[in-house]
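**Q** Quick one: structure below, then a few questions.
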Amino acid sequence: MVIGDGVLTPAISVLSSVSGLQVTEEKLTDGELLLLACVILVGLFALQHCGTHRVAFLFAPIVIIWLISIFAIGLYNTIHWNPAIVRALSPHYIVKFFRETGKDGWISLGGILLSITGTEAMFADLGHFTALSIRLAFAFIIYPCLVVQYMGQAAFLSKHPNCIRYSFYDSIPEPVFWPVFVVATLATIVGSQAVITATFSIIKQCHALGCFPRVKVVHTSKHIYGQIYIPEINWILMILTLAITIGFQDTTLIGNAYGLACMMVMFITTFLMALVIVFVWQKSVVLAAVFLIFFWFIEGVYLSAALIKVPQGGWVPFVLSFIFMIVMYVWHYGTRKKYNYDLHNKVSLKWLLGLGPSLGIVRVPGIGLIYSELATGVPAIFSHFVTNLPAFHKVLVFVCVKSVPVPSVSPEERFLIGRICPRPYRMYRCIVRYGYKDIQRDDGDFENQLIQSIAEFIQMEAVEPQFSSSESASFDGRMAVISTRTGQSSSSLIANEQEVFGVSDSIQSSKSLTLQSIGSVYDDENPQIRRRQVRFQLPSNPGMDPAVREELMDLIQAKEAGVAYIMGHSYVKARRSSSYLKKLVIDMGYSFLRKNCRGPAVALNIPHISLIEVGMIYYV
């Protein structure tokens, strides 16, 4: 529903703002007005790639000028046309209104709902601030300005009952009409920008939690994590918004859809807030029930009135939310099935131990980073690879990138390092944890941080008894948090750093002239790629355990020999015995989404010359 709100808000905001031209320019036809609205919408979405921070410095002044303008106009209309309208603030008139209008008064709540959605758009603008600033802004700025403006319109309409359609623009005094029209148009762009940005944030969080296909997330600000841009979603929203604007061409019909979407969002949010009260704040269920019943009664009255408008445009948010929900469900279902297949087809640790330290294959120099979604066990792509090509790197690191359901993970807690097999096997596991607001970006330092973390784990394992004891016990699953260090050296290794052009340490350090020539060709084709080359050395520590020193030396030599990234390139298919619905979801829906979404889930700038993809078919 919020994604649907991101489609409807720009449509109704821009169309309603430019409709003011029909008040003064009688020559402007509906078609010309629609064309102008579409041009503004295309411009609004085309500017999204610039990033919120480029134009955000205008947001606060525009909103403040807008609020002051509507407050002044509302105050003027109240004093000039009907000062007695201030008595409408009394709750007595609410009772009187419903007593005299009955069912028609209840139905009218669906239109009154749009005044509430205005405050909701303001809340979206203020959402990046503290709770206190939001309360102060609402209580002392937004609420008084909106109430005085509506009061002024009511005073104007009490003397001009025929001006209902364009009551806002008709009530503006003629000398200030054009300045207010410009500010109104800018304010609608600001409100639309806020909802579009909120849509980007929600889709990014859904993607982090495995509920949305992989899309390209561009962080438009180096300092503010929340400012992101998703190209695919931006253009989809633009097409849908233009379709709604051109299809309805009427702010009343779009308003019905918009009001229903906003009310449904509020209704569901209230329920989720009740869960927060119980499970997050640890308050009593009685308090949550009182909160839920009180607000659901108020929202339910409005929602029931809005549901009457489903045939008159109110069906749009239901269709949009249904489509997005189907996409999210199909992706989540297919992803879970694939993960469960990996979980049940893990390589047995007994099988690995039976092969011996060489794994029964040729161990070539270098480090192999095997990416998997499994946090424990050895993935099936490993056995698939060694079965068909019996050679692997001397040092193996099973890397698992996890998005955890918290906003951010501190660098000190990001890396979890463990050992899979006994020391001679040189097999490790690294779990890299990101929050849904963290930037998963490879600045060329990921490999070096990983090597340093493994080196620190090796030394810590030799010192701390809970890791060094029981060599025959289960190795997999014993993990330690290793903090990444941004300095030049760590307690285990000394790093000598230089910045180089190129893409792969393995090519630079290779003794093969053929591979060096391939690397030089690749560098010529990719001159913009700049990566840091770090060479590690062992510190002069005579008291170091010989076994630890040997393992660290193997790690350093493997790093200098080069790093290869091994990823699974899977094809998921339903079994022949599956139901027709499951085949439809997996073979058509999930397959289509996987083919048309972004590449690997690991958001690292992996050099193509160091990437190895292992193809597998998953029958789920």
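Cβ from N, Cα, C; glycine included.
Where the annotation comes from TrEMBL, it is an automatic prediction and has not been curated.
Small disclaimer: the values here were computed from a predicted structure and weren't measured.
So TrEMBL lists these for the protein:
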type: DOMAIN; residues: 1-352; note: domain 'K+ potassium transporter integral membrane'
type: DOMAIN; residues: 365-618; note: domain 'K+ potassium transporter C-terminal'
type: TRANSMEM; residues: 33-50; note: transmembrane segment
type: TRANSMEM; residues: 57-79; note: transmembrane segment
type: TRANSMEM; residues: 105-124; note: transmembrane segment
type: TRANSMEM; residues: 136-156; note: transmembrane segment
type: TRANSMEM; residues: 176-203; note: transmembrane segment
type: TRANSMEM; residues: 224-246; note: transmembrane segment
type: TRANSMEM; residues: 258-280; note: transmembrane segment
type: TRANSMEM; residues: 287-308; note: transmembrane segment
type: TRANSMEM; residues: 314-331; note: transmembrane segment
type: TRANSMEM; residues: 351-371; note: transmembrane segment
**Q** If you count every Cβ pair below 8 Å, which range out of 57-79, 176-203, 224-246, 314-331 shares the most with the transmembrane segment (33-50)?
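**A** Looking only at 57-79, 176-203, 224-246, 314-331, the most contacts with the transmembrane segment (33-50) come from 224-246.
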**Q** Against which stretches of its own chain does the transmembrane segment (258-280) lie, if we need a Cβ under 8 Å and a gap of at least six residues from its ends?
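**A** Long-range Cβ neighbours of the transmembrane segment (258-280): 1-2, 4-5, 8-9, 11-12, 110-111, 113-114, 116-117, 120, 287-289, 291-292, 295-296, 299-300, 302-303, 306-307, 309-310, 314, 317, 321.
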**Q** How about long-range neighbours of the transmembrane segment (57-79): same chain, 6 or more residues beyond its ends, C-beta under 8 Å?
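**A** Beyond its ends, the transmembrane segment (57-79) has Cβ neighbours at 85-86, 122, 125, 141-142, 144-146, 148-153, 155-156, 171-173, 176, 179-180, 183-184, 186-187, 190, 193.
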**Q** Taking every residue in the domain 'K+ potassium transporter C-terminal' (365-618), what is their average pLDDT?
**A** 74
